[in-house]
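Copied from TrEMBL, the annotated features are:
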- 1-20: region 'Disordered' (REGION)
- 43-61: transmembrane segment (TRANSMEM)
- 48-560: domain 'Major facilitator superfamily (MFS) profile' (DOMAIN)
- 81-102: transmembrane segment (TRANSMEM)
- 114-132: transmembrane segment (TRANSMEM)
- 138-160: transmembrane segment (TRANSMEM)
- 172-190: transmembrane segment (TRANSMEM)
- 202-222: transmembrane segment (TRANSMEM)
- 292-313: transmembrane segment (TRANSMEM)
- 328-351: transmembrane segment (TRANSMEM)
- 358-380: transmembrane segment (TRANSMEM)
- 467-487: transmembrane segment (TRANSMEM)
- 508-526: transmembrane segment (TRANSMEM)
- 538-556: transmembrane segment (TRANSMEM)
Amino acid sequence: MGPGRSHQNGLPRPSKLKGDSEDERLDLTMKLDNLKPRAKTPAFIYILTFFSALGGFLFGYDTGVISGAMILLRNDFSLSSVWQELIVSVTIAAAAVFALVGGFLNDRLGRRPVIMGASILFTLGSIMMAVAKDKFSLLAGRVVVGAGIGLTSTTIPMYLAECSPTYARGSLVSTNIAMVAFGQFMANVVDGIFGVDAQDGWRYMLGLGAVPAGIQLLGFLFMPESPRWLVSCGREEKARRILQSMRGALDIEEEYENIKQTVVELEREQETRGKTPVIVQMLRVPAIRRSLLVGCSLQIIQQVAGINTVMYYSATIIRMSGVKSDEAAIWLSAVTAAVNFLFTLVGLYLVEKIGRRPLTLGSLMGAIVSLAWLAVGFHLSALNTPPIDVVEQAAGDSRCSRYRTCNDCRQDLDCGYCYVDLPTLIVNSSCLPTTYEHPWTSTVGRCNSSTLPGSLTWAYDYCPTPYSWMPMVGLVLYLVSFAPGMGPMPWTINSEIYPLWARSTGNSVSTFMNWTFNLAVSMSFISLTESLSRYGTFWLYACLAFAGAILLALILPETKGRTLEEVEGLFASSWFQRSWFAGSSDPIQSLNPQTIQYVHIRGLNRDGRESELDSPE
């Protein structure tokens, strides 16, 4: 075999030529790795992904189904507005807490037991909600389900990333978020189907979550543990067998040796770190601080850009735009959930084609434009609402009788708009008092009845307007833009950017930030629409998303095509030494391998000594 040839695959191998820089030889090695033939991904990986992603389905279903069930629950249990908010928010709060708990459990127990434990919690919580006799037992069931959501949202992206081959990791991890979107869509469909059963419909809606949870639990009885976690526990032979089953015909030796080398150095570093908490250790290492900043920023920006406001309040936003029928609003909400799911699938295709960074930034820019469209649509709707031409004697001296346009009337929580809706004209309109706790009718006047005669219409949370189509279009455009990139990418990138010793903690901290801002944004939406106006709220989301896009453009690297061990090297240099500021398409070329700590790049060891990459044949 002549010089410059490798022993495998007949590919040329870089020898140490005089004048070659470390960066050039590293770049050449990575390009040669991309030329190696790939075996077909084994079917076992797809089966593993399916059972794992059922956790994502449950995540989406249990957060989405409550919106339709609440219409029935508030009547059955006489829920006040405070209790309605509590039942929705307690699940998010429990998810935030158990996202942090999940990091500890993943390190101690492994990924597989945590996923199985979450399946049990989903099953138990769904049954508790289905058989609830009062609002307190219902609340307890929501807490249990929230605990399952927190554990799965931390664990499943990490488990999929550690089990997936490098060339398919992005699409397989993103499958979990696609299933979240599918779960939200199915929740809307189930709400529509069982919404006609006013007596027990909500029991079916909430209880059906036990079915996929049970399937996931049974499936994971036969799923393996993460090979990387097994190696870290010293169970190397079992890890080798599992890795071989996951890679099929692929040669696993190089990947296996990289994992082992990572664990060896991890053990060496643990001796010096002692018993210092992992999060403190992460903050002490500059490279890990940078990766944690990227991971948390992605999760926070995802939330402040308004995605869960759109998903949780889609029916409300549709009503705000001027759709009169509750049933039509619910089914239109299902349509928006379907759009979210379908375009998340587009993201699965694009993630390994164009990469994480352009997909994330392009998606966020599209979301900003869509939020601006929503703001303009609601502003035009507010400027073009019908006048009030009748002051009903029954309204007396209430402040509702002083308003002169529908928009002014609607902005008061204790008033509603009563009008006669003719095919081309709105006439005999008045503003009547109502109550925030029971806004379905006015307290006095023509609309003081749950059954209104003829064309008489009661509008509490919307105004008829010729611009009602604009928010609907903006809602769809937002999901078309957001779903392929900013939906799955924060989870996908977070599963890749932390070293093995910090992976569980890094994912749990970033997931905790996601759920915390999820809670803050979703709980503040109605209040913001009242204080800033509807269009002002969406301008706020657009501005926050724009600020987030600037931040991500500065700090977000590309992780496509790199092993988990190689990804660590992307954060080894300071921000302003990164090649993406200089316009290079390959961030890793700017790194000096001799300065990398806690980083493991194939061909170089931790001390920067030359390995066989530099040895002549």
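All residue numbers here begin at 1 and follow the chain in the order shown.
Note: Cβ is positioned from N, Cα and C throughout, glycine not excepted.
Relative to the transmembrane segment (328-351), the listed stretch 172-190 leads the set 81-102, 172-190, 202-222, 292-313 in CB pairs under 8 A. Of the recorded ranges 81-102, 114-132, 538-556, the transmembrane segment (292-313) has the largest number of C-beta contacts under 8 angstroms with 538-556. Counted over residue pairs 6 or more apart, the CB atoms of the transmembrane segment (81-102) and the transmembrane segment (508-526) come under 8 Å in at least three pairs, which marks the two as touching. Below 8 A, the CB atoms of the transmembrane segment (138-160) and the transmembrane segment (358-380) form no more than two pairs separated by six or more positions in the chain, fewer than 3 in all. In this chain, the transmembrane segment (358-380) lies apart from the transmembrane segment (508-526): fewer than three C-beta pairs between them fall below 8 angstroms, excluding pairs fewer than 6 positions apart. It is 172-190 that, among the stretches 114-132, 172-190, 538-556, forms the most Cβ pairs under 8 Å with the transmembrane segment (467-487). Simply put, out of 43-61, 114-132, 202-222, 508-526, 538-556, 43-61 has the most Cβ pairs sitting under 8 Å from the transmembrane segment (172-190). Annotation: stretch 202-222 has the most Cβ pairs under 8 Å to the transmembrane segment (43-61), among 114-132, 202-222, 508-526.
Distant neighbours of the transmembrane segment (508-526): 85, 88-89, 92-93, 95-96, 99-104, 106, 150, 153-154, 279, 292, 295-296, 298-300, 302-304, 306, 308-309, 312-313, 490, 494, 537; these residues of the same chain sit at least 6 beyond its ends, with a Cβ under 8 Å from one of its Cβ atoms.
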